[in-house]
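Pulled from Swiss-Prot, these are the features on record:
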BINDING   11, 12, 13, 14, 15, 16, 17, 18  ATP binding site
BINDING   13, 14, 15, 16, 17, 18  substrate binding site
REGION    36-39  region 'Interaction with substrate tRNA'
SITE      102  site 'Interaction with substrate tRNA'
SITE      128  site 'Interaction with substrate tRNA'
């Protein structure tokens with residue numbers, strides 16, 4: 001089976017994935033698929049660092065603004081949506097470029113999670129329904145029985161981890177349809193932390209506070225409100241923190257998130273990284289993509 005070539009750009013938040021994705025889309029006749037769990041939500045633009053209108057006009061973007069904030073979204077949903085987007089892009093003779101920092105989503109797509117050729121979908125659904133009927137105590141007992149630990153304990157993550165364990169053999173044998181070129185972006189820790197701090201300041205200047213307040217007043221308990229960029233500001237709205245304290249908390253949580261992202265990509269996806277401050281960084285990446293596609297450099 002001839003596999004579909006796709007480019008995947010990963011790295012910590014604020015590293016510059018969107019800009020690189022647009023650059024590659026222009027150079028290689030590509031379209032971008034967002035691989036971010038929060039950018040699917042309509043009306044949440046600033047806190048999710050969604051591509052701006054100008055950026056979306058510079059390159060076609062998929063899987064942005066496809067859910068209401070009241071809806072849930074999972075790795076399973078992403079794999080289904082991403083597969084459809086990839087098929088659509090390829091059918092028009094273009095290159096799919098996935099840009100995102102949600103490691104589980106990307107790994108699920110690239111390794112055939114749920115949708116691999118040999119995974120029985122009815123069995124997956126039946127097992128998920130069984131897990132959803134369990135109370136929290138029984139669900140976490142299942143985790144212990146299967147020797148599963150998850151970084152952040154909640155029902156959604158617990159069920160997903162148990163599904164992966166239950167169908168591990170099928171997933172290992174499932175044939176993925178894609179041949180990915182994974183491009184990792186990173187730099188010295190202080191460079192990334194400075195970029196994060198500057199981004200948070202820009203977000204606040206551009207209206208993040210108003211966006212977060214709207215979410216807090218209308219939908220404070222939905223899945224979308226638990227994303228970094230919103231929940232840190234909620235204490236400010238009820239007088240438990242000053243704005244400066246909430247801003248510092250947001251920066252700190254984002255830095256911690258960036259560290260977790262890097263750990264995931266290194267351990268789960270074996271990504272090698274390119275430093276964004278290297279003088280030849282853009283050219284090196286473009287050359288890698290050109291070689292991957294078997295193209296010659298234009299004279």
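Cβ atoms here come from the backbone N, Cα and C positions, even for glycine.
All features noted in Swiss-Prot, drawn onto the structure.
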{"residue": "11", "record": "ATP binding site", "Cβ contacts under 8 Å, 6 or more apart": "17, 101, 184, 185, 186, 261, 262, 265, 273"}
{"residue": "12", "record": "ATP binding site", "Cβ contacts under 8 Å, 6 or more apart": "101, 185, 186, 192, 257, 258, 259, 261, 262"}
{"residue": "13", "record": "ATP binding site", "Cβ contacts under 8 Å, 6 or more apart": "49, 101, 196, 199, 254, 257, 258, 261"}
{"residue": "14", "record": "ATP binding site", "Cβ contacts under 8 Å, 6 or more apart": "49, 192, 195, 196, 198, 199, 254, 258"}
{"residue": "15", "record": "ATP binding site", "Cβ contacts under 8 Å, 6 or more apart": "185, 186, 187, 192, 195, 276"}
{"residue": "16", "record": "ATP binding site", "Cβ contacts under 8 Å, 6 or more apart": "185, 195, 276"}
{"residue": "18", "record": "ATP binding site", "Cβ contacts under 8 Å, 6 or more apart": "49, 51, 55, 99"}
{"residue": "102", "record": "site 'Interaction with substrate tRNA'", "Cβ contacts under 8 Å, 6 or more apart": "35, 36, 37, 78"}
{"residue": "128", "record": "site 'Interaction with substrate tRNA'", "Cβ contacts under 8 Å, 6 or more apart": "159, 163"}
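Sequence-distant contacts of the region 'Interaction with substrate tRNA' (36-39) (same chain, at least 6 residues past either end, Cβ-Cβ under 8 Å): 47-51, 63-65, 73, 78, 99-102, 105, 224, 227, 229.
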